[in-house]
Amino acid sequence: MREDKLMIQDIMKNFLYITIMTLISLTAYSQSTGRALSTGNENYQQKNYSQAEASYRIANSKSPEKATADYNMGNSLYKQKLNNEAVSAYLRSAQKAQTKAEKHQAYHNLGNAYMKDKNYKAAEEAYKNALRNNPKDEETRYNYAVAKKLNEENPQQDQDNQDNQDNQDQNDQQNQDNKDNQDNQNQDNQNDQDNQDQNDQQNQDNKDSQDNQNQDKDNQDQKDKPEPSPQEQQEKQSKEQMERLLDAVNRDERAVQQRLINKDKKGEKTEAVQGARKKDW
């Protein structure tokens, strides 16, 4: 019983430790998000919109599920006249919003961004969504009426905007297709190179194997050839010595014969000269 009690106490201590550490981590995480939002708001009030945007991005990275950072980021982008990016930020904020007030603000400012791009049809729809979440906002109602009127008066403008969007989507798709094709081409080239390397390696292995076989054959032939015995070597050397002696004797004999021949010829010539008559003049 005493051991069971101690075990339960240890479990409770571990549970309390984990709970406390989790709360500390969540608190620190929340405070870092809050500091980033606070810094962004200060920069926004001082009209340092790019710095405010950077702070809001930090806050969004720390708490991506929150709508506030995206909404404030959309405002800073709108002030920098980066409407396309502002639209994306407002849309994210509207999707993450948990309350009607948050949704109303996100859709209202989304409508403003669309109006700035003269995309009246999209602006009308955004203001309509804002009114669904706050029907009493007179400013939103007024903006909705203006967007609706301009949309009716400029149907071609809306069509042009839609065509531009379609063209942009088509270009994006084409760029993606080109990238995919390039990736496939690069992969094919890599596969070809790998196959070539493999073939080269196979050829080299075959050559090395053939060289080894030839070397083994030469070694085997050399090994199979019998070595001459000492007696055979001595007989071979004696035979070679006899042949050299015979050659020397033959050379000496020929030299002696040649000297005798030359001597005989010289004696005949002397006798002929001495026996000749002197010519009378």
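The backbone N, Cα and C atoms fix where each Cβ goes, and this holds for glycine too.
Tertiary proximity for the repeat 'TPR' (104-137) is limited to same-chain residues at least six positions away from its ends with a CB under 8 Å from its CB atoms, namely 67, 71, 74-75, 78, 83, 86-87, 90-91, 93-94, 97, 143-144, 146-148, 150-151, 154, 157-158, 161-162. Taken from TrEMBL, the feature repeat 'TPR' applies to 104-137.
Annotation comment: TrEMBL describes 154-281 as region 'Disordered'.
Feature annotation from TrEMBL assigns compositional bias 'Low complexity' to 156-176 (among others).
Feature annotation from TrEMBL assigns compositional bias 'Low complexity' to 183-204 (among others).
Annotation comment: TrEMBL describes 205-281 as compositional bias 'Basic and acidic residues'.
Assigned with DSSP, the residues of the compositional bias 'Low complexity' (183-204) fall into helix, strand and coil as follows: 22 helix, 0 strand, 0 coil.
Per-class residue totals from DSSP over the repeat 'TPR' (104-137), listed helix then strand then coil: 27 helix, 0 strand, 7 coil. In this model, the repeat 'TPR' (104-137) carries an average pLDDT of 96.
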